Amino acid sequence: MKFIIKLFPEITIKSQSVRLRFIKILAGNIRNVLKHYDETLAVVRHWDNIEVRAKDENQRLAIRDALTRIPGIHHILEVEDVPFTDMHDIFEKALAQYREQLEGKTFCVRVKRRGKHEFSSIEVERYVGGGLNQHIESARVKLANPDVTVHLEVEDDRLLLIKGRYEGIGGFPIGTQEDVLSLISGGFDSGVSSYMLMRRGCRVHYCFFNLGGAAHEIGVRQVAHYLWNRFGSSHRVRFVAINFEPVVGEILEKVDDGQMGVVLKRMMVRAASKVAERYGVQALVTGEALGQVSSQTLTNLRLIDNVSDTLILRPLISYDKEHIINLARQIGTEDFARTMPEYCGVISKSPTVKAIKAKIEAEEENFDFSILDKVVEEANNVDIREIAQQTQQEVVEVETVSGFGANDVILDIRSIDEQDDKPLKVEGIDVVSLPFYKLSTKFGDLDQSKTWLLWCERGVMSRLQALYLREQGFANVKVYRP
């Protein structure tokens, strides 16, 4: 099988040296992501595209899907590469490829040509289009908005029959820009802002301020691992978890109620800046949007920025909540965010929307900054690839089984879309569907006399959710890995 990778247009307008560097990085990213599917896979760089060739036909769909999620790719063409002799030979090959697809449809032919030939692209379009129209009685030519567009590419003596076109996510290849540290909470905003910086070519590390205990951290780990695995797995990144409960306790005890929200955000920026400096990261990323909550007014944001020299990027600053939720839905983080607890909003009953610098600084004089230094020093830093492995170790008390007993029921915790695409059927045992994002509210409604075997495709989510349910007091859960 063969795929032609078309570059994001902004890459093509770079200078020659920059363009070549971007293409080289993108090719490396593609190779890093796809090597898990086919070790014999070949990635070949060209000036205006990248060619991907693989032998394992069983991995066609997986490879195609992975390519659509790699930043820097505008679109992917799945092609069949064949030799040709003349224009009539091109028509015959196009007829064999597209006959069934064009039955009863309107169509047009679009040709791109490179090399020296005795014909032009328009001449090929007319010849092939006329021939298809004559030989397929139920098809009819329609140049504007046809049902099917027949894409052909002619390069020297080779014809590329385009079997399918699939849109990529665009943007710049990860690694073409410098690293950033995303302050991730697991909600709608931080997930989307992290994705936007990945799409813009940054390697995104994650910094999580834990205000809600182990269950909260498990949920945020899921979001970070999902984002990395889906859009950024070409690079290693860090997940840094900081226990911020001592800091919150100090704020609650020492800081005036109305100033708590701004002071908390200033403490978070101070801590994140220390982490960024430690690892040589150039900027912080937050999901703040102007006016969304009390701490996100221009006055308050300016005061928050003042505590650090580190650049703070806010890609969602002008976005409304509906737009952010729609983006979260598109990238697949909506379900995580809907069930993620929100802790920052409950710290102050009457938050100020226009904090005064002198008053904030006066309140912070009462704060014991050694507490902040200590929680940063004790931060838990892991390679995000180890999250699944760590989860395996953490849930050692949750039994993993490959078989089942008479009282067992398999609980398919994949998302609804995944279940619809690939339903789970296991002979000899009932399978119940309950998406992972409903477990926290719906698991208790299930028959608790049964033993529930949690299952997902890769086993990461099922282990994380098993740990979460155990912490909630449910002992009747196991992880199912056949």
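Here the Cβ of each residue, glycine as well, is placed from N, Cα and C on the backbone.
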Identity of the ATP-site residue among Gln177, Gln296 (reference: Leu183, Ile184, Lys265, Gly287, source: Swiss-Prot): Gln296
Residue among the recorded positions Leu183, Ile184, Cys456 whose Cβ has the most other Cβ atoms within 10 Å: Ile184
Gln296 (ATP binding site): secondary structure state under DSSP, collapsed to three categories: helix
Helix-strand-coil residue split for the domain 'Rhodanese' (404-482), DSSP-based: 28 helix, 17 strand, 34 coil
Same chain, 6+ residues apart, C-beta under 8 Å of the C-beta of Gln296 (ATP binding site), given in sequence order: Glu288, Ala289, Leu290
Cα-to-Cα gap, Lys265 (ATP binding site) vs Cys456 (active site, cysteine persulfide intermediate), nearest whole Å: 36
Integer Å distance between the CA atoms belonging to Cys456 (active site, cysteine persulfide intermediate) and Gly287 (ATP binding site): 29
Number of helical, extended and coil residues in the domain 'THUMP' (61-165), per DSSP: 38 helix, 38 strand, 29 coil
ATP binding residues Leu183, Ile184, Lys265, Gly287, Gln296: largest Cα-Cα distance, in Å and rounded to whole number: 16
